[in-house]
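A short write-up of the structure that comes next.
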Amino acid sequence: MTKLITTVKEMQHIVKAAKRSGTTIGFIPTMGALHDGHLTMVRESVSTNDITIVSVFVNPLQFGPNEDFDAYPRQIDKDLELVSEVGADIVFHPAVEDMYPGELGIDVKVGPLADVLEGAKRPGHFDGVVTVVNKLFNIVMPDYAYFGKKDAQQLAIVEQMVKDFNHAVEIIGIDIVREADGLAKSSRNVYLTEQERQEAVHLSKSLLLAQALYQDGERQSKVIIDRVTEYLESHISGRIEEVAVYSYPQLVEQHEITGRIFISLAVKFSKARLIDNIIIGAE
């Protein structure tokens, strides 16, 4: 049965004891409202590590002034049940006051990796992500940490953070988990109307179009972006906020495509903003 830990002090006590005995720790940081994408990461950790820890913490630092922290879905009882079913050992669910007992004296700034894509639209968001992930890594001290490729910019930033701050953890990127029709699984999908849900499948279909163009030899980003945009405009009612091609993991905008690339989409429906991506090409 999965154990619920609610304080930093108790979590640190458990981790220190585990480390002394040579136990390997797998860690999945989340903000809760778990779905199959999260559970895939939990299963991967359970199959590899002696102990699997899942954090459920809605981090206020990564919410902007126009983003409703209080409205973010919280369902700790259901989350605990879900991860228990797939074998997680511990859910770490601290209070905000325990994670941030006072005003932070040191600000962590991400830099250029956060100046594009989602980071450009949400100033300070990735500073908040890096701050909380740093804290969680120091508390949990994982050997392996699992992040979804659906948030590919976040994954690239966390990998750079681990390198820059010498964290003794290996980051494992987990492929996007999709519904049977191709829609990327997301906590936000519940906010889609029935019509929007039918339209949302075209995000992944447009990425398959981009992949086909690339495989046919197209190397001009503008051609791919224009074709994807045209496809989306003819299939969805939501507002297309982004169709972009960047190098990966460097996140430099590409015009003439070389090497590994990241094609990113963002579409705003009435009550949900959906993102999706595909990473293609040689490293």
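Glycine is no exception: its Cβ is also placed from the backbone N, Cα and C atoms.
Going by Swiss-Prot, these are the annotated features:
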ACT_SITE  HIS38  active site, proton donor
BINDING   31-38, 148-151, VAL177, 185-188  ATP binding site
BINDING   GLN62, GLN154  (R)-pantoate binding site
BINDING   GLN62  beta-alanine binding site
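Feature map: annotations from Swiss-Prot on the structure.
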| residue | record | Cβ contacts under 8 Å, 6 or more apart |
| --- | --- | --- |
| MET31 | ATP binding site | VAL56, PHE57, VAL58, ASN59, TYR72 |
| LEU34 | ATP binding site | VAL56, LYS78, ASP79, LEU82, VAL83, SER187 |
| GLY37 | ATP binding site | GLY148, LYS150, ILE174, ILE176, VAL177, ALA184, LYS185, SER186 |
| HIS38 | active site, proton donor | ILE28, THR30, VAL54, LEU82, VAL83, GLY148 |
| GLN62 | (R)-pantoate binding site | GLY124, HIS125, PHE126, GLY128, VAL129, VAL132 |
| LYS149 | ATP binding site | LEU155, GLY173, ILE174, ASP175, ILE176, ASN277, ILE279 |
| GLN154 | (R)-pantoate binding site | GLU118, PHE126, VAL129, PHE147 |
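In three-state terms derived from DSSP, GLN154 ((R)-pantoate binding site) belongs to a helical segment.
A 10 Å cutoff on Cβ-Cβ distances gives VAL177 (ATP binding site) a total of 18 other Cβ atoms nearby, all chains included.
When secondary structure is read from DSSP and collapsed to three states, SER187 (ATP binding site) falls in the helix class. Secondary structure at GLN62 ((R)-pantoate binding site), taken from DSSP and collapsed to helix, strand or coil, is helix.
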